[in-house]
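Visitor: Take this structure, written in structure tokens, and hold onto it; I'll ask about it next.
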């Protein structure tokens with residue numbers, strides 16, 4: 001036993017020595033002419049074509065250097081970025097959700113891009129996203145893309161039920177119930193309980209708000225009369241129109257859609273690409289549904305497009321990056337007209353207003369234009385990211401989906417959100 | 001640890017007439033201890049000190065990125081201990097831990113007894129199966145079990161539908177806290193049984209056959225033999241296994257965290273390890289999270305104390 005411990009101690013020291021020297025070797029490549037740049041992209045949102053364009057263009061511009069894309073999952077991203085960006089092994093360029101961005105821009109995690117704003121697109125950049133990426137009047141995270149939420153639907157199920165695209169939110173919900181009862185096991189409206197993004201329009205369209213600011217103090221208002229009315233309408237959707245798991249989230253909606261279990265799916269515009277992905281790809285879709293796939297912008301309470309959540313991303317250079325110049329060059333490529341055009345063609349709203357036409361003129365493009373015109377953002381508080389990462393919203397809507405009392409759940413939620421926003 | 005406890009024994013005073021020689025004897029073990037102590041101090045000691053310091057500071061996301069962190073005394077501890085959520089989480093963790101440890105030890109022992117009675121071929125087969133389960137990283141295991149219990153496409157729901165004739169498809173296993181901890185318990189116990197089984201099996205080979213045989217001749221049944229002979233022989237092994245399992249199950253993290261991403265209510269299913277992670281990293285309250293972590297360290301140290309005292313006793317014996 002004793003001998004063993006001594007041997008083990010020696011081995012440990014040797015191992016530690018190896019690890020430490022490994023670190024040193026990794027960190028010593030500090031010169032900016034030849035390096036590996038690590039880019040963190042989230043989910044499958046950025047299409048493959050754009051990734052390839054980024055890698056090849058960067059490596060052509062910087063012979064000897066390489067660019068590696070590391071895909072992160074959206075779930076738990078704030079936690080992961082906090083750890084990674086503050087460590088010595090920080091990625092160089094990171095994508096961050098627009099509503100998460102203030103958590104990092106306000107604490108100095110990103111490199112200041114103010115002096116480069118003009119070069120990146122200046123006033124052509126999407127203003128809402130410039131705001132999301134700025135703090136104290138300085139730009140830290142550039143807009144990357146925006147995505148509108150649209151409703152994808154099955155033309156065959158609509159035809160069988162004698163339906164057409166709904167004109168109001170109430171019609172949409174009624175259609176959902178009709179489709180669910182006409183097709184056993186099918187979601188008339190696919191509404192997993194933890195998908196809070198798609199829950200917001202019900203609140204906004206019924207006149208409610210998430211949270212409002214007055215004199216520096218935030219008031220969460222899920223329990224206001226209007227919000228409750230909206231959440232109760234959503235509860236009706238959960239109970240009568242959806243067969244989605246009450247504790248499921250919004251990831252991979254193409255799976256039930258391709259399994260013929262969904263009639264209407266409210267999802268970001270780029271989900272079209274996931275649904276129609278080749279059957280032999282890493283995340284297979286069902287390309288044979290193409291002619292059967294319809295799309296419209298979610299209708300509002302009194303007609304027109306509804307207020308939907310304006311999701312999207314910002315992109316930034318880590319302050320801890322060892323190769324800031326190279327990292328910035330990579331970021332510049334991602335905001336170039338060529339790269340942003342690829343995003344546009346794939347259903348993502350480009351970061352530059354002048355490139356809006358790259359979305360094309362098909363049904364999806366038209367629906368995006370309608371939805372984007374009326375989309376809304378989450379409360380503009382740097383603490384909002386903490387509300388998101390605390391999972392309060394997921395738990396709340398999941399409880400609503402299970403038939404909980406909306407008013408009392410919402411009152412409880414407001415108390416918790418108030419505490420976070422006014423911390 | 002065993003080296004530290006044995007070091008004084010290495011220099012029996014009666015055999016060392018000259019003080020100089022004695023110092024040489026003590027010096028070598030001490031010198032040999034230095035490397036592992038240094039490694040432990042760097043890898044475990046330093047982060048632990050930082051954690052303790054952090055738990056007395058106001059430490060948020062801004063401090064992570066370099067803002068100064070003011071000291072606020074015991075404020076974080078006061079906040080934690082007066083928060084009913086913390087006590088809920090702690091109570092839940094302890095309960096889950098106790099249930100898992102009991103089931104793990106009982107099933108693990110049964111598997112060990114089974115191994116003793118199997119012929120060589122089947123025993124090898126069983127050992128390989130156990131080793132594979134033991135080698136599976138908890139995260140991968142959780143995802144596989146998550147698929148088994150999937151709401152829409154899970155094989156558990158499918159089989160239950162086939163066997164019972166009622167429709168289980170769409171049944172969510174994770175949506176209630178009880179269901180969630182059932183699945184989490186299955187994953188934790190499944191992953192922990194191999195270690196218990198192998199250790200107890202090794203211990204069983206130390207129980208002298210002649211004593212068992214004599215007891216059998218005296219008319220002791222299988223249960224009586226296990227209770228009166230095997231158990232006393234393996235007492236210290238069981239004690240160590242229970243202490244180690246308690247420590248592992250109390251700070252369980254990966255399984256719960258991954259399962260929460262699959263389904264269930266996060267507020268109702270967090271155990272202490274996950275709660276620390278959520279407080280620190282997700283909510284950005286590193287000071288508060290640090291205080292909870294220090295409290296957990298104290299609890300685990302209390303549990304380990306039993307373990308260390310036992311191993312010291314064995315050394316003396």
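Heads up, the Cβ atoms here are built off N, Cα and C, so glycines get one too.
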Visitor: Which residue range, B:57-80, B:225-248, is the one TrEMBL calls transmembrane segment?
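Guide: Feature transmembrane segment in TrEMBL: residues B:225-248.
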Visitor: For the record in TrEMBL, which of the ranges B:10-29, B:30-49 is the transmembrane segment one?
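Guide: Of the candidate stretches, TrEMBL labels B:30-49 as transmembrane segment.
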Visitor: Pick from B:125-148, B:149-172: which stretch is listed in TrEMBL under transmembrane segment?
Guide: B:125-148
Visitor: For the transmembrane segment (B:173-204), give me same-chain residues lying six or more residues beyond its boundaries with a C-beta closer than 8 angstroms to one of its C-beta atoms, as numbers and ranges.
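Guide: Same-chain residues near the transmembrane segment (B:173-204) but 6 or more away: 96, 99-100, 103-105, 107-109, 111-113, 115-116, 127, 130-131, 133-134, 136, 138, 141-142, 145-146, 149, 151, 154, 156, 230, 233-234, 237-238, 241, 245, 248-249, 252, 255-256, 259, 262-265, 268-269.
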Visitor: Against which stretches of its own chain does the transmembrane segment (B:93-113) lie, if we need a Cβ under 8 Å and a gap of at least six residues from its ends?
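Guide: Cβ under 8 Å, 6 or more out: 126, 130, 181, 184-185, 188-189, 192-201, 203-204, 226, 238, 241-242, 245-246, 249-250, 252, 271-273.
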Visitor: Let me spell it out: take the transmembrane segment (B:125-148), skip the flanking residues so only those 6+ beyond its ends count, and list any with a Cβ under 8 Å from a Cβ in it.
Guide: 111, 114-115, 118, 154-156, 183, 186-187, 190-191, 193-195, 197-198, 254-255, 258-259, 262
